[in-house]
Every structure is written in C-alpha cells, then in structure tokens.
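Peer 1: From Swiss-Prot, for reference:
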DISULFID  CYS71-CYS78  disulfide bond
DISULFID  CYS108-CYS126  disulfide bond
BINDING   ASP465, ASP467, ASP469, GLU473  Ca(2+) 1 binding site
REPEAT    504-560  repeat 'FG-GAP 6'
BINDING   ASP527, ASN529, ASP531, ASP535  Ca(2+) 2 binding site
BINDING   ASP587, ASP591, ASP595  Ca(2+) 3 binding site
DISULFID  CYS650-CYS704  disulfide bond
DISULFID  CYS768-CYS774  disulfide bond
DISULFID  CYS842-CYS858  disulfide bond
DISULFID  CYS994-CYS1009  disulfide bond
DISULFID  CYS1017-CYS1048  disulfide bond
Amino acid sequence: MNSCIIVLRLLLSGPFVFAPAWSYNLDVRHVQNFSFPLAGRHFGYRVLQVGNGVVVGAPSEGNSMGNLYQCQPETGDCLPVTLSSNYTSKYLGMTLATDPTSDNLLACDPGLSRTCDQNIYLSGLCYLIHENLRGPVLQGHPGYQECIKGNVDLVFLFDGSMSLQQDEFEKIVDFMKDVMKKLSNSSYQFAAVQFSTYFRTEFTFLDYIRQKDPDALLAGVKHMRLLTNTFGAINYVAKEVFRPDLGARPDATKVLIIITDGEATDEHNIDAAKDIIRYIIGIGKNFKTKESQEALHQFASKPVEEFVKILDTFEKLKDLFTELQKKIYVIEGTSKQDLTSFNMELSSSGISADLSEGHGVVGAVGAKDWAGGFLDLKADLKSSTFVGNEPLTVESRAGYLGYTVTWLPSRGTMSLLATGAPRYQHVGRVLLFQQPKRGGPWSQIQEIDGIQIGSYFGGELCGVDVDRDGETELLLIAAPLYYGEQRGGRVFIYQKIQLEFQMVSELQGETGYPLGRFGAAIAALTDINGDELTDVAVGAPLEEQGAVYIFNGQQGGLSPRPSQRIEGTQMFSGIQWFGRSIHGVKDLGGDGLADVAVGAEGQVIVLSSRPVVDIITSVSFSPAEIPVHEVECSYSTSNQKKEGVNLTVCFQVKSLISTFQGHLVANLTYTLQLDGHRTRSRGLFPGGKHKLIGNTAVTPVKSCFVFWFHFPICIQDLISPINVSLSYSLWEEEGTPRDPRALDRDIPPILKPSPHLETKEIPFEKNCGEDKNCEADLKLAFSDMRSKILRLTPSASLSVRLTLRNTAEDAYWVQVTLSFPQGLSFRKVEILKPHSHVPVGCEELPEEAVVHSRALSCNVSSPIFGEDSMVDIQVMFNTLQKGSWGDFIELQANVSCNNEDSSLLEDNSATTSIPVMYPINVLTKDQENSTLYISFTPKSPKIHHVKHIYQVRIQPSNYDNMPPLEALVRVPRVHSEGLITHKWSIQMEPPVNCSPRNLESPSDEAESCSFGTEFRCPIDFRQEILVQVNGMVELRGTIKASSMLSLCSSLAISFNSSKHFHLYGRNASMAQVVMKVDLVYEKEMLYLYVLSGIGGLLLLFLIFIALYKVGFFKRNLKEKMEANVDASSEIPGEDAGQPELEKECKDPGCLEPLQKTDEDGSGGD
C-alpha cells in the first residue's frame, strides 16, 4: 500500500498558448536550467527557492536513493545536499516546504519502511534544515509506530485507590478479563498488578502460562482502597514483574497498560520503565481539566497523543478494546472478524508538509485506515500530535486526509490550516482546522466537498494573501483530474467571507487537453508585475510537454484569465512534465526582479520576471488652433505656403517595480495617426500620409520629437477638432539566453497591460468675428406646394421641397426635423441645384420618439451652414397601402442649430397641407354575346329584339371612405323621320331601380352614335355586376334604297371626383356597344334573266360557225395518231446512230400548220 500512495502522488504531478505564451511578464527567451543527470528523471519533482539558490527534490527511481540538490544561479551548478542519517531515504525530496519567516527548509521522505514481525511499517523521515543548508539539521520520524507484533509481555497496572467505587473497580477487572480472552490465541503474555499505597502482584507471567483462564487468575482480586502512588507502581512493575524468573521473555516487547481514576499522590521518576511501551487510561471525573490530563502524559510513551486515553465513564472501558485492536493488522478494504485496522502503521507521514513561523505540519494519509490526518510537529521534530477526522466515520475511511496541507496565515489569535482528502467518497474533501497560536487542541471548523467523482479535489492546496497584509483572502483548491469542456483539471477559488471560505470562481486551462492535469501544482508567487498584489502560478504538466499559467492578483481576488501561458517547448525541445512543481518568492539574480523556478522531468527551469514599465507621454501643438484660412477652398488657388502645425511628442519610461536595480532602456515603436477614426483624414504628414511609424530608445530621462503636418483643401468639417492619436509598444531583438551573472546588462522591460494610447485634439479657429461668438438666424419654408395632390395609387410617391436660409453668421450642426403622417415612408433626400454640393443626410427617428406620426432628422451642411447660405431640400416619400388617411395630410418642419438665439426662432418652423385623393378601381367591358348586327329587307320580319351586355368589375379598396357609385347607361336616340323605331330597357344583376333621363339632341344630326336617354342606376361595391340593355328595333316604312345605320349604347361608372379618382383612368370605367342596322332594297329581275339566256345561246352559235369555217371539224386526226403509234413501235439496230432531227419532227399533226405558214410566208425552199 505504501508504494501505491507514493506512485499516485508522483503520477499526479508527473507525466505528468491560449496559443503560444503571452509575454506578460516572465521572460521566456532568457532562461536558466539546472540538471543533475545522476539524480534521474524525478529531479525537479519539487523545487524551492531557499537563500540565493534553488533546492531541488529528486525522489528515487528503482532501487536508488532520493536526495536533495542545491542549485546556484550564479554558477549554474547543482550539488547534492549532505544529510547525516542512518536511514536510507528512497523518497527524500518528494516533500519540501519552506518557512517564509525564517527561510528554513523542511524536507520529508514519506516512504520510510521497516519490518515488524514480517509486516511492513511505513512512516516518515523529516529534516529541518537551516536556510544556508549548512547549519544544524534536526531529524524526526513523524508517525513512527512502535513495533508491538511478535512476542508481547503485557502488564495491567490498575488503580485500587479509595476513590474507586466497588462497581467501578469491578468494571476495570472485567475490562482486563475481556482483553485477555480476545488475545488468548496470540503471542501475548499477561500479568496484573494492583496499586494503591502499596503494590500487589495479582498474577505473574508464570501464572498466566500455567493457567490462561482470566476468570481464575483474577478471582481473588480484592480492592485495596488506599492512595494512588503511580510513580512507585510503574517502577515496581519495571523491576519486580518484568523478570525472566517470573516468566518475562527477553525478546518480547514490554507493554504496560495503566488504568487509574486520579492523579498520582507520590512523586518520582520512571526511568526504569523507559524501554516499556506505556499506555495510560484515565477514567472518571478527575480528568476534566487540561492540567489533570497533562499530568498523565508523564507516564505515557511518546507521542503521548497515541498513548493516553481519557474516558469520562467506566462504562466506556468495555468498548476500549476496539482501539487496542488497531495494533493488529488487517488489509485495507477488508473486514475480518476479530481483526483490527491500521492506526499509524502505514501512515506515510510526510507525504505533504508546510512550515510557518517555525511551526511544522506533515500529512499522514495512511493513518486510521487511510482516513488520514496530519501531524502537528513539535519544534524538535521528536514528537507530534495527530489530528484527523473527528469523529472518525466509515465514510472518511480511505479518504487520504493529509494528502496536502497548507497554512493559511492570519493576523488573529488562531492558526488556520487546510488539508485535503482527495479520495474522500471518491469526490474529495478539504477540511479546515484551527488552533490557538499559543498552543492547544485543534478543532475542525469547515468542510468543503468536491463535486466530480475521480477529480482528486483537494489534490493541491494554496493559500493566497492577495494584498500581502498578513491575512489569507483566498484558498485555491485544485482538482487536477477534473474533466469538462475538453479541459483536464480545474482550480476552484474560495474566498474568506466572515468566518468561512466560500467559492467565488474557478480557474481552468486551455481547451483541447482533457488530460492536462491543470492544477497539479499551484504556487503563490511574490508580486512579479509591480502592482503590489500577489500573483499565482498554476502548472499543467500534461498539456503537451507541460505548461505554466500566470494569474495576476487583482483587488479582491485573481484575474479569471491568465496573463501568460508558458509552454515548456518554448524554451527547450524535448522537455517533459514542465510545471510539475513551481516556486517563486525570491530574487535569485540580484537585479531586484522576482524569479520563478519550475520543475520538469530531470531538470529545473528558472524564469526571470521582466521589469514592468509605464511610458509617460505628452503631446502638444504649435499653433494651438488650426488656421481656418488654410483649409478654405479659396486657399488652393493662391500661391501661399502652407503653415501647418508643429506636433511635439515626448517620451519617458518609468519602472513600476520599485525593487528593480538595473539600467532601464525601453525600445519603443510608436505610431502617430491623424483622424484615425475617419475614413478620410483632415490632416496629412509630409508625403500625404496620415500615419507615421517610428522607433526610439526611451530612458527615464524625458526625450522629445517634433513633427509637422498640414491639411487638404476644402475641408467640410471645421467644427470637430482633428484627433491626433499616439500608440506605442515595445520591441526587442532575438537574443541569446541572458547570463544571470551579467548584472550590468540591460534587461528588456515589458509594458503594463493597459491601453498604450494617448489621444489629443487640436481645434479649428472659429470665424465668428471679433467676439468669437457665432450667432445664426435660420429661416425655413415649404415651397412649390400649390399644385401638390397626393393620389393614393399603389406606387404613389410624394415629393416636398423645403427652402432653408441662414441670414446671419455661421450655423453649427444644423438639423432639420420633418414630421409626416404614418402612411408615408421616407425614400430619399437630395439637394436641388445649384446647391447640390451642400451635404445633407436624413434618418428616420424611432417610432417611440413621436406620437401618431413619424419624423425625419436631417443634418444639413454638417457641421457648418455658412452665413448668407440658402439651400433647397427635396424629400421624397413612398406611400403605405394600409395607411390611415384623411382629406389632407399635414407636414411640419423645424430647423435648429447649436448657436441660434431663442429670440430668432419664429421663422424656424413651417407647415403645409396636401389634399389626398383615393383610388377607385373599376373595369367595364362589353360582352361578346351582345347583338352587333341586324338587317331589314322587304321580305324579312319588321321587328328585331336585340341586347347589349356589359360586365362591371370592382376591385376591393384598401380604404374605408369609398363614395357611392352610379352606372350611367345611355341608349340610342329615335329619329322621327327615320324608317326604324326602337325601344330600350335596362336589366341589371343584381337588380336595381334605374331612373331614365332624356338627353338633349346633338347639334350634329349626322353623328354616327346619338344617345337619347340616359339611365342612372345606383350600384354597390360588389366584385362583379352585369348590365343588359334590351331593345326592340322595328321597320316602319318601305325601303326605297339600301343603307346602313349604327345604334349605340354605352356604360360609364360615375362617382364624386373631388376626393376620388379612377385608378386606371376614366376610360377604364367606360364601355360602348355599336350595333349595325342594314336596310336592304330588292328589285324584279325575271325579264333580265330571260334576255341574258337568249344572248348566251346566240354567242355560242357564232363560235361554232367560226370553227367550221377554219376546217376544225375536217382533220384526219385519228389516222395521224395511229401512224405515229406504228412508227414509235419500231426497234432501231445496235449500229444505228443518233436519230436525225428532221426524222423526230415528222408528225404531220404537229408540223403541218407550221409548214403551211412557211409556205404561205416564203413559198418553200
């Protein structure tokens, strides 16, 4: 079991920045490392800064011995620390602690083992060493357990004084019988002596050998009832009972159990019993005071807390054997009947340690069945007091209390100690104890439990006095095996609030290292950054090859984010377990800067802190104001030389670490920028640059530099000053590792983590006359608004025009506010020519800023609207379809500026009203099935029924105030002299009553369509209406000549046009049907047909006579055709040549007429 505890401890800190390390403020470029190859890979397991050097612990590996090594930064060498001891120390260096008040060193080996009757006892070996490592060395064995296995000769020395009642006396006898019976089969021998004024041996070892029956041996015991001569009784037992002739064994362990109810009535010494293990049991009411209890200590073996037991009643004697059973072994975790558990046999005392003001404590994780506890060491290390769980419960078993211990300094009267039990109930626990500083019993005051199983909560503890006032404000509790959010390990911060520590926050490492062991080492550093607050370092040895985080102190606690993360590989390749141990409270280099020692596998790295500095800067201008004439547009046409402004910048470095003694030089990179917050700068350095970058070396002596800048022409913003910003940072060259012996060499400083920026402003001159006070007079009016009407079409827009004048001096930050109704939506604003160069920008104010309306805020000619200036502003709006409108909309405008007197505000406002017209969306058309043509003939019917059908579609309106609609239907006029007459009626769906009205006759009777009657029909807002015009057309005379007439009807939708308009124009709500009437005149045609037939026959006869005369009917066409067939049937021979052309044309029917013609014309060949 001893190996398990120590190996676990090694693993927790063994193989155990935010990207690569930030540079604040440990120097990772110039480091020093120490190693001692023969010490093995555990060299660096523990590091402590002692005196002017570093003490390194190197527990053993394999069968080698552990040791301490002293490393001197001045020489770079490490040498073993010589300790005179008769003990082999395998794990020496596993535990180191230093006293911050005296610098003494406490070094412990928790694995000191020895054999006791074939069993292994495990306790500690500790050394208290002077800070120079050469002075006297005190040696102690905390938790050392006497070996009482093997042969044991045990004597009961029991009180027989008169203060004992008979029943109490009998209970003592029963207790002795019970012990003897339970140990009857062991290697124990017993004897018993009653003491009072005199001493009487009740039975000897020889008697017990002969007769092992306790009842028989103690049957004759009689109560003596006299005084209590304890000193004499002890000497009597040593001389007269432990005698070989009375059965005592020479090789047996001598044990004396003293049972008494009062203080001794005699005085003497007990030197004769110094080789006897003495237990004393005080029973009864006589031991209530501290003095009476301490009186028993002189009779007991050391440590007295292990060998003195106080019982308030005699009834508790019967349960006391359970404690005696602790001297009989049982394997951890088992429970065998009649066997006992461990007490201090496997205490591993010294697995942790702390030292403060000469008061040392060491952890004893194996005590009390590995419930654990700690030992309060006396100054000489020879004795100690065990403190553990009170009361000792089953739950605390195997909790490893004492795995870590740390003092929590306090200015009060009580000493405060925290100790961890990382295996308590698998989640871990930390207990806080207190003790009066003048000495006295320990008392447990607080329990803090972990939350995650297996996290090893309490595996590392650290008290932090943030403001260094002697009072511990923070308790840091590590859980290096905690897992969450891909982070391995966590440190919980508990703050002392009144009398208890309460959790306030936590620290954690970088993501991506679930096994990083963040918190395996925690160290409260001295102030390394010059803010006079304690800083903290946290090790994570398994984040890659190891990392160390630096958390700076802040008022009331620690910064939640690290100021620096240092990876071991930044300094040395191949490094392992960097951050397994940390200590940083001293200046090892003699330069006034704190150094931090960090343990790794087989080596120790010493990191030097860098001097933290602040740069004192100053910026001034000459002249103090920018001349306005240099930025006016007219200045560009002149040949005047630009005067510009001289800018003076001064630097001075100041160290924030008062102890720093080196030469201070800061290599500074600075940047000067003009109007850096603007896209276009109003100031320019030579070469047209708005930014200058430079380098300089800064010392504590003030140094200044002068720069010149000028201005571009036509600057519009002449109100706000030009911003001049100075930013700076430090730069350093890559260098070789700094030799700590070269104290006169400059140490590169580092800037404190604050904004390294200074901003100054240089204003413009004000052109406001001699009094330098500009007074403006603004006037605002709407213009060109008489013909404005807002027609609410779907894409309706509205433009309003404002005229703004300034009749006095320059106006600063002119702002026009325009209120408009909810139904309008701002689209854009523009300046009308010839003032288009004047800038204007508008934005709509939040709706909560205005009530029942909306508003625009427009900046005009920002920031200056010059004297005697005028500008026309056109603002354009879109309309919202679902807006609420009245008959008019009202717009209100107001103008203001920063420098107009209140008596001149009368003409700063303007109001206008614009009529609103609402759309009517009505579409009408005639139907295809209307009658478009009729005809009258003498033989046709005299009456025709006709119909004209119209369809009316009315689209729903988005507005509520719709007017009444009328359908106006007009029908044709009846001409009194015409051949036809007609009658008309109106039919509508849905039905309505229409009222007819005669129309006046048109002046032009020849008009194609003439209307005589108009029907007025009220209609509702329905989606569709059908209108049918029915007519009867009658022929009332005789048709004497053919003619064509047109009869027309029309439909129009009418409404009040003063507030409404046709959305798609008036024509869209009108339709007309034109019907043609054909009058056909018919004559008698029979005689014409007869004469035409006779003429046709006569013409045919004349044609026949002509054909006969020319011989058409006399040709022998048939014979010619047959001859031609015969000729074509002949087959020519193979050698027949090409046919002759003359032979091809022998057809008489074809050629005869031509030949005849030739003969007639030429007379032949």
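Heads up, the Cβ atoms here are built off N, Cα and C, so glycines get one too.
Note that the structure is predicted; figures quoted are calculated from it, not measured.
Neighbours and distances for these, please.
Peer 2: Cβ neighbours within 10 Å of CYS78 (disulfide bond), excluding its own Cβ and spanning all shown chains: 22.
When other Cβ atoms within 10 Å of the Cβ of CYS108 (disulfide bond) are tallied across all protein chains shown, the result is 31.
Listed in sequence order, GLU473, GLU532, LEU533, THR534, GLN555 are the same-chain residues six or more apart from ASP467 (Ca(2+) 1 binding site) with CB atoms under 8 A from its CB. In this structure, ASP467 (Ca(2+) 1 binding site) belongs to neither helix nor strand by DSSP; it is coil.
Across the range of the repeat 'FG-GAP 6' (504-560), the DSSP-based residue counts are 0 helix, 27 strand, 30 coil.
A C-beta separation below 8 Å, combined with a sequence spacing of at least six in one chain, links ASP527 (Ca(2+) 2 binding site) to ARG468, LEU533, THR534, ASP535, GLY553, ALA594.
Long-range Cβ contacts of ASP587 (Ca(2+) 3 binding site) within its own chain (separation 6+, distance under 8 Å): LEU593, ALA594, ASP595, THR659. In the three-state DSSP reading, ASP587 (Ca(2+) 3 binding site) counts as coil.
Under the DSSP three-state reduction, CYS650 (disulfide bond) is assigned to strand.
Mapped onto three states, the DSSP output places CYS768 (disulfide bond) in coil. Non-local contacts of CYS768 (disulfide bond) by the CB criterion (under 8 A, 6+ apart in sequence, same chain) comprise CYS774, GLU775, GLU809, ASP810.
The Cβ of CYS858 (disulfide bond) lies under 8 Å from the Cβ of GLN815, VAL816, THR817, LEU818, VAL829, VAL840, GLY841, CYS842, ILE873, VAL875, each on the same chain and at least six residues away in sequence.
According to DSSP, CYS994 (disulfide bond) sits in a coil region rather than a helix or strand. Within the same chain, residues at least 6 positions away in sequence whose Cβ sits under 8 Å from that of CYS994 (disulfide bond) are ALA967, VAL969, ILE986, MET988, PHE1015, ARG1016, CYS1017.
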Peer 1: Cβ within 8 angstroms of the Cβ centroid of ASP465, ASP467, ASP469, GLU473: which residues besides those meet this for the Ca(2+) 1 site?
Peer 2: VAL464, VAL466, ARG468, GLY470, GLU471, THR472, THR534
Peer 1: Quiz question: given the binding-site residues ASP531, ASP535, ASP591, which has the greatest number of C-beta atoms lying within 10 angstroms of its own C-beta?
Peer 2: ASP535
Peer 1: Which whole-number value in Å describes the distance between the Cα atoms of CYS126 (disulfide bond) and ASP531 (Ca(2+) 2 binding site)?
Peer 2: 37
Peer 1: Considering the disulfide-bonded residues CYS71, CYS704, CYS1009, which residue's Cβ sits among the greatest number of other Cβ atoms within 10 Å?
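Peer 2: Buried the deepest by this measure is CYS71.
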Peer 1: Using the CB centroid of ASP527, ASN529, ASP531, ASP535 as the Ca(2+) 2 site centre, which other residues of the same chain sit with their CB within 8 A?
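Peer 2: My list of surrounding residues reads LEU525, ILE528, GLY530, GLU532, LEU533, THR534, ASN552, GLY553, VAL612.
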Peer 1: For a quick check of understanding: among the disulfide-bonded residues CYS126, CYS650, CYS842, CYS1017, CYS1048, which residue's Cβ has the most other Cβ atoms within 10 Å?
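Peer 2: Of the disulfide-bonded residues CYS126, CYS650, CYS842, CYS1017, CYS1048, the most buried by Cβ count within 10 Å is CYS126.
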Peer 1: Go through ASP465, ASP469, the listed binding-site residues, and name the one with the sparsest Cβ surroundings, counting other Cβ atoms within 10 Å.
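Peer 2: Lowest Cβ count within 10 Å among the binding-site residues (ASP465, ASP469) is ASP469.
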Peer 1: What's the most sparsely packed of the binding-site residues GLU473, ASP595, counting other C-beta atoms within 10 A?
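Peer 2: Looking at the binding-site residues GLU473, ASP595, the Cβ with the fewest others within 10 Å is that of GLU473.
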Peer 1: Out of CYS71, ASP465, ASP469, the recorded positions in the record, which is closest to CYS108 (disulfide bond) when you go by Cα distance?
Peer 2: CYS71
Peer 1: Specify all same-chain residues, apart from the site residues ASP587, ASP591, ASP595, whose Cβ lies within 8 angstroms of the center of the Cβ atoms of the Ca(2+) 3 site, ordered by sequence.
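Peer 2: Checked against the 8 Å cutoff, the neighbours are LYS586, LEU588, GLY589, GLY590, GLY592, LEU593, ALA594, SER608, SER609.
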Peer 1: Within the chain of ASN529 (Ca(2+) 2 binding site), which residues six or more apart in sequence place their C-beta under 8 angstroms from its C-beta?
Peer 2: TYR24, ASN25, ASP535, ASN552, SER563, SER609, VAL612, LEU656, ILE657, LYS752
